[in-house]
Structures are given as structure tokens and as C-alpha cells.
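J.: According to Swiss-Prot, the protein carries these features:
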type    : residues                              : note
BINDING : 28, 29, 30, 31, 32, 78, 155, 210, 325 : substrate binding site
SITE    : 78                                    : site 'Transition state stabilizer'
């Protein structure tokens, strides 16, 4: 049993300590693949109720912790959760995803947005994180998370999930000043929100810029990277020792640029070999990832082989084992259990297969 004075395994990895195995957790480890989650969803069909009611969100956050004992427990929430606190309302429709109506398309709408006051608008976040810290103790690190400005802007401007990002790219290339104003406001709000999560108990922050991989490297440097960097800089001013993870879906073409944001860890998807990713990122950055979530549909022997291969390639320092994206909803729960069990036993498995 870990004591409050002990340092969680995941935090030790972010400090570059030499460990006998990498810490392990999964993006979307609390979710639809778990029967316990589906049962709770039947009782509480509204996503916003599940994520904004303290008791329900804590229960969901802890479901995978009780079942699999990952080294990280992430807040059950959504990257859009802080948007109403600045004046952008949203809903999440089952099978359709987020809906923002009306979408943000004019300068007048941007000018109406107001600074975020998390304690007034988002007190449930503090309550959830404080409760998770008490429940988890230091048996695992508690992670908070935020959406990056580009991805939040994409949802707000498109009004929904989409494939081609027509409206935000139209704004970027036809009215860049207006988009920069919006991105700046989002960055300020997100930095305040991240600090609030840390002050409430989050020991690590992961920033998701899910749609930045849709940008060319040139446009990433113009519309995404500066605002990621602004968020990190603002948070590091007050919380310099809190590890910061950056995840971009489809980041293979952007890897060398991601450390420029000032983050401590880059979360890599499966579109790049993790040994190559480490080489491209340099020695001063920890890496997280990067197993294809589809691997969890394979046989347990196949899953084990991919875990071993990934850990060997990533090296024995500064690596957090994770998927390259979130757990897919059809994933067999027993395979997730096997993944965690194997990851925890990896030091003996590596010795046997050396």
C-alpha cells in the first residue's frame, strides 16, 4: 500500500529515474468498453451529468483503477468542459459527439467571451480531483487534462466534430487576425483552468491537441504551437515542477517541433516507430505511448509481444507505456486487464526473453 509520502511511479518516470518497468495507464481507460461504465451510463444517459456530477465522475474515474491498478488515474471529463465558463455552451450527443450551437464565426462573438473563473463555474473539477487524490492516495498519479487552443477553436468554430475543418481553416487563411484573437483568449482561459486543476490535486497535466495533426508544419507553427507554448509557459510560472504531457493525433510530421512548447513529455501515436520518435525528440524529453489501440483486439500472446517490443524500443528511462490514442469502445475488457497485468510484470518477461 503506497503512503501519501511516497512518490507515484509515474511521477518518478517523468523525473528520468531508472525504473524496473515503465509506468502504465491508458487514454480513455474509463469508458464504454467497461461494463461498469455502460451500466452507469444507462442510469445517467447525459454525458455532462456523468462528467460534472462529482460523485458520478469520481466513480467513473476510479472504475479502471479498482479493476486494473494503472499507474495513472485521469480525471473523467471532457476537453470542452471549461468552454461554458468563458461563454461557449455545448452538449455531447451520444453517437454524434460534441455540438456547439451557435458556432463561433464572428468577431462580435469572440469579443463577448469573458475570462474564466473556475471556482465559480467549475467547482466540481476541484471536488473530483480532491476526492481522487484521497481515494488513490499515492498508489497512482492523478492526472488532469486540458484541450489545446487550436482543437478547442476547431470544435467551437465548426460547431461539431468534422473531417475537413473547412470553417476554421477558412478563418485561418482569410481572417487570421480574428482567429489569433480567439486562440489567445482560449490560451489564457486554458492556462487558468490547468492551474486550477493542479491546485485541486492534479499531479500531471496532459494537453490534448487532437486536431493539430491536420495542420501542415508551417501552419502548426503559426496557429497551434505558439498557443500550446503560451499555455505551458503560464502554467510553469506558478507550477514549474508539474509534469506536462502534449498529445497530438497524427503527430509524425510535427515531432521535432513539439518540444518547443516547453512540455516535459510527448505522447506519441502509433504512426511513428517509438525508437525513431525518441531519436527525433532528443534526450531531454520523456515519451509516452505508443501502442495501436487496435492491438487490444488481438490474441493475448500478440498483445504481449507488442508490449515487449514497444518497451524495448522506448528504452528503460523516461517512458510511460500507453496507447497511441484512446481505448476503442469495442475493446474486450479482458484484454485491457491482460495489458495492465503484462505491463506490470514486464521486468521478469524482459529477462526471460532477453
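Placement of Cβ uses the backbone N, Cα and C atoms for every residue, glycine included.
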J.: Could you say which of the binding-site residues 28, 325 has its Cβ with the most other Cβ atoms inside 10 Å?
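T.: Compared across 28, 325, the most Cβ atoms within 10 Å surround 325.
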J.: How long is the line from the C-alpha of residue 30 (substrate binding site) to the C-alpha of residue 78 (site 'Transition state stabilizer'), rounded to the nearest angstrom?
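T.: Given the Cα positions, residue 30 (substrate binding site) is 12 Å from residue 78 (site 'Transition state stabilizer').
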J.: Reported as an integer number of Å, what is the Cα distance between residue 325 (substrate binding site) and residue 78 (site 'Transition state stabilizer')?
T.: 15
J.: In terms of DSSP three-state secondary structure, what is the assignment for residue 325 (substrate binding site)?
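T.: Reduced to three states, the DSSP call for residue 325 (substrate binding site) is coil.
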J.: Where the record says 28, 29, 30, 31, 32, 78, 155, 210, 325 bind substrate, what is the longest distance in Å from one Cα to another among those residues?
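T.: Among the residues the record ties to substrate, max Cα distance equals 23 Å.
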J.: I need the CA-to-CA distance for residue 28 (substrate binding site) versus residue 78 (site 'Transition state stabilizer'), whole Å please.
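T.: Given the Cα positions, residue 28 (substrate binding site) is 11 Å from residue 78 (site 'Transition state stabilizer').
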J.: Enumerate same-chain residues with a sequence separation of six or more from residue 78 (site 'Transition state stabilizer') and a Cβ-Cβ distance below 8 A; give 'none' if the list is empty.
T.: 47, 51, 92, 98
J.: Please list, in sequence order, the residues in the chain of residue 155 (substrate binding site) that are at least six apart in sequence and whose C-beta is under 8 Å away from its C-beta.
T.: 80, 90, 98, 100, 147, 161
J.: Out of 30, 32, which of these binding-site residues shows the lowest number of other CB atoms within 10 Å of its CB?
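T.: Output over binding-site residues 30, 32: least Cβ neighbours within 10 Å is 32.
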J.: Can you tell me the three-state DSSP label for residue 155 (substrate binding site)?
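T.: In three-state terms, residue 155 (substrate binding site) counts as helix.
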